Structure formats: structure tokens, C-alpha cells
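S.K.: The structure under discussion is supplied below as C-alpha cells; questions concerning it will follow.
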């Protein structure tokens with residue numbers, strides 16, 4: 001069976017299965033840092049700083065305001081790491097792509113399998129953190145207050161796909177692993193700080209206009225809308241924005257990967 005883009009589903013699933021098999025052996029040491037980082041922000045900022053925020057933001061307790069945004073960032077980080085550092089190591093140190101391409105798999109099949117695994121990683125981290133958010137309601141800090149929260153795993157997958165494609169696209173330009181520090185310092189960190197997770201972006205001049213052009217802002221708005229049940233037209237726009245960027249990158253990334261591998 002082939003998908004648009006001449007992707008062989010069987011070959012793509014084989015790449016995904018290889019990654020899943022390796023992850024089964026190392027999942028504990030891999031999941032803990034990515035799981036605890038947003039949890040520490042939730043407790044430290046939500047309960048610590050939230051005590052001083054008083055009435056909260058937009059009618060929500062501060063911890064309820066930042067929780068869905070941190071879920072979006074967990075999905076982002078889970079997907080991005082897989083297609084940046086991990087992809088570079090597979091390609092240049094483990095020479096894994098040489099082995100892939102000695103099979104019937106084509107580069108577009110490998111790229112699809114890597115993207116599927118990036119979405120899976122995002123979903124794993126997102127599911128763990130989503131359980132934490134649901135559990136906060138049991139200790140007096142309700143964060144998920146709408147039945148639409150049941151759709152949040154689908155939102156996590158959309159965010160994971162978008163950032164997986166962004167990270168894979170960036171990786172096609174990287175020749176030394178040290179250059180990823182620019183990607184994380186100049187792109188991922190500013191997104192984390194200025195996409196509306198911790199405060200409304202309207203705080204800054206032209207903040208909303210700039211944030212609107214960034215993927216994490218739309219991921220945060222989607223997660224916050226699903227958690228609270230406030231599914232405004234803006235939430236629908238965010239879904240379309242993330243889907244449109246993903247489709248655009250799906251058309252670009254296979255060609256970039258082909259150029260990276262074959263020169």
C-alpha cells in the first residue's frame with residue numbers, strides 16, 4: 001500500500017517498529033527527563049508563582065492557565081528531540097540510514113517512519129503529562145474542566161506532527177551536531193517563553209501578531225481551548241494553521257531528506 005508522496009506504508013512501519021523496539025529497552029531513562037521537566041514547571045510556577053498571582057489570568061487559576069500550555073510544550077519537545085539529535089546520530093554516527101537504504105525502503109519511506117515515531121514520542125510524553133493534569137483535580141486544582149479534554153491526545157498528535165516536521169526540516173541543513181544549539185536556543189526556548197504558556201502574549205507590543213506566526217502559540221491555544229471547553233473560532237483557526245504548516249512541510253521534507261542523504 002502506498003500513500004501520496006510514493007510512501008510505502010509497510011516500509012514506513014518497519015522504520016517505526018525499529019525505533020519502537022529500541023525505545024522499549026531504554027524507555028525509562030528516556031522518559032523521565034521529558035516527563036519531569038513540565039511537571040516541575042507546573043508545580044513550581046503553577047503552585048509557587050500562582051500563589052502570588054491572586055485572581056489568576058482570564059478568569060482561571062494560574063495553574064489551570066499554564067497546565068494546557070505545558071502539555072503543548074511537552075509534545076513539542078518529545079517530537080523535536082527525536083528528529084534533531086537522534087536523527088543526526090542515526091545518520092552520521094550509527095550509519096543507520098545506509099542500512100535502511102540497502103533494503104527496499106526509499107528515503108521518503110524512512111522519513112515517514114521517523115515522523116511517525118516522533119509523533120509517537122510526543123504522544124507518550126503528552127499522555128503522561130495529561131494524566132498528571134487530570135490528577136490535579138483530585139487534589140483541589142482542577143485543570144481539565146471540559147469533556148472536550150478527551151480530544152487533547154489528538155491535539156498532542158497534531159502538535160507532535162508539526163514540530164516533528166519542523167525539526168526534520170532543520171536537520172536537513174545541519175552538518176555538525178553542535179549547530180543544534182542554535183535551533184534550541186534561538187527557536188525552541190523563545191517559543192517556550194513567548195507563546196502564551198505563562199502569560200498572555202498581548203503583554204508585549206505586537207506580541208500577539210508575532211506569536212500568531214509561531215506553531216507553539218497555536219498549540220497552546222488549542223490545548224487551552226480543549227481543557228476549558230472554550231472552543232472559540234480562534235481555536236479552529238489554530239487547528240487549521242497547524243495542519244496547513246504540517247502539509248506544507250510534508251511536501252518539502254522528503255526532497256530535503258533526499259538531498260541530505262544522497263548529496
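Each Cβ is built from the backbone N, Cα and C atoms, and glycine gets one as well.
Below are the features I grabbed from TrEMBL:
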DOMAIN    29-260  domain 'ABC transmembrane type-2'
TRANSMEM  35-53  transmembrane segment
TRANSMEM  65-88  transmembrane segment
TRANSMEM  124-144  transmembrane segment
TRANSMEM  150-170  transmembrane segment
TRANSMEM  182-201  transmembrane segment
TRANSMEM  235-253  transmembrane segment
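Tell me what's around each of these sites.
M.R.: Beyond its flanks by at least six residues, the transmembrane segment (65-88) meets 34-35, 37-38, 41-42, 45-46, 56-58, 114-115, 117-119, 121-126, 129-130, 133, 136, 143, 152, 155-156, 159-161, 163-164, 166-168, 170-171, 174, 177, 180, 183-184, 188, 191-192, 195-198, 215-216, 219-220, 222-224, 226-228 of its own chain at Cβ-Cβ distances under 8 Å.
Residues 68, 71-72, 75-76, 78-84, 87, 111, 114-115, 118-119, 121-123, 126-127, 130, 144, 183, 215-216, 219, 222-223, 226-227, 239, 242-243, 245-246, 249-250, 252-253, 256-257 of the same chain lie 6 or more positions beyond the ends of the transmembrane segment (150-170) yet place their CB under 8 Å from a CB of it.
A Cβ distance under 8 Å defines the sequence-distant neighbours of the transmembrane segment (182-201), meaning residues of its chain 6+ beyond its ends; these are 45, 57-58, 66, 69-70, 72-73, 76-77, 80, 84, 167, 170, 207-208, 210-211, 214-217, 219-221.
Beyond the transmembrane segment (235-253), the same-chain residues lying 6 or more positions past its ends with a Cβ under 8 Å from any Cβ of the stretch are 5, 111, 115, 158-159, 161-162, 165-166, 168-169, 172, 215, 217-219, 221-222, 225-226.
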